[in-house]
Amino acid sequence: MPSIGVFALQGDVREHVHTLQRLGVDAFTVRRPDELARCDALVLPGGESTTMYKLARTFDLFEPLVERIRGGMPTFGTCAGMIMLADRIEDGIDGQETLGGLDITVRRNAFGRQVDSFEGDIDVAGLGDPVHAVFIRAPWVEQVGESVEVLATIPAGEAAGRIVAVRQGSLMATSFHPEVGDDDRIHRYFVDLVKQS
Ligand code: GLN
């Protein structure tokens with residue numbers, strides 16, 4: 001089983017660690033470069049991307065993370081983690097930078113103007129039955145590059161068609177929080193991707 005770290009300077013870390021452990025993965029928290037060095041793959045959790053950015057800089061994790069992601073380490077970002085993985089960001093604040101890797105443009109707090117947080121069932125490519133997705137001040141993907149596969153969009157309502165899950169090689173990201181609840185299919189999808197790479 002692969003060793004998968006969860007970026008743990010900020011965000012909903014425990015839920016990801018527990019979900020990965022349930023799948024039999026060697027999962028642990030990453031706060032320091034030596035912990036990052038142990039990772040075969042990484043999860044960037046939900047939380048607050050501006051704070052994650054600042055803390056990653058403060059704790060000298062920013063550049064090592066950029067290097068590992070560029071070097072091909074499989075990485076899964078949820079919500080704020082999706083923002084961290086995006087090459088381009090709309091509505092970032094305070095000179096906020098991202099780690100990048102995914103050829104997408106994300107819009108922070110994109111659903112905020114309509115409704116802050118909501119839940120719904122959405123189809124995710126390759127997963128069969130819909131996933132019950134929880135969105136909390138979530139971003140959406142405004143634009144994707146050629147090599148990005150769209151895995152899920154909002155099915156109905158004002159935001160219908162908005163992209164909320166993507167994959168590019170061994171990088172993947174969701175706007176929603178698959179670590180909430182006990183449906184572990186999205187994490188399983190990522191673990192399979194890690195095993196293949
Ligand atoms: N709005 C947050 C941000 O911009 C993301 C919210 C979340 O991760 N639940 O980072």
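Note that Cβ sites are derived from N, Cα and C of the backbone, with glycine treated the same way.
CYS79 (active site, nucleophile) falls outside any helix or strand according to DSSP and counts as coil. What TrEMBL records for CYS79 is active site, nucleophile.
Per TrEMBL, the feature active site, charge relay system maps to HIS177 (among others). For HIS177 (active site, charge relay system), the same-chain residues lying six or more positions away in sequence with a CB closer than 8 A to its CB are ASP12, GLU15, GLY46, THR78, CYS79, ALA133, VAL134, PHE135, ILE136. According to its DSSP assignment, HIS177 (active site, charge relay system) is coil.
Feature annotation from TrEMBL assigns active site, charge relay system to GLU179 (among others). In this view, GLU179 (active site, charge relay system) is surrounded by 26 other Cβ atoms within 10 Å of its Cβ, with every protein chain counted.
Cβ neighbour count for SER49 (L-glutamine binding site): 30 (other Cβ atoms within 10 Å of its Cβ, all protein chains included). Taken from TrEMBL, the feature L-glutamine binding site covers GLY47, GLU48, SER49, ARG108, ILE136, ARG137.
When the Cα atoms are compared, GLY47 (L-glutamine binding site) and GLU179 (active site, charge relay system) turn out to be 12 Å apart.
The 6 Å Cβ screen around ligand 1 retains GLU48, ILE136 from the recorded positions GLU48, ILE136, GLU179, ordered by sequence position.
Between the alpha carbons (Cα) of ARG137 (L-glutamine binding site) and GLU179 (active site, charge relay system) lies a span of roughly 16 Å.
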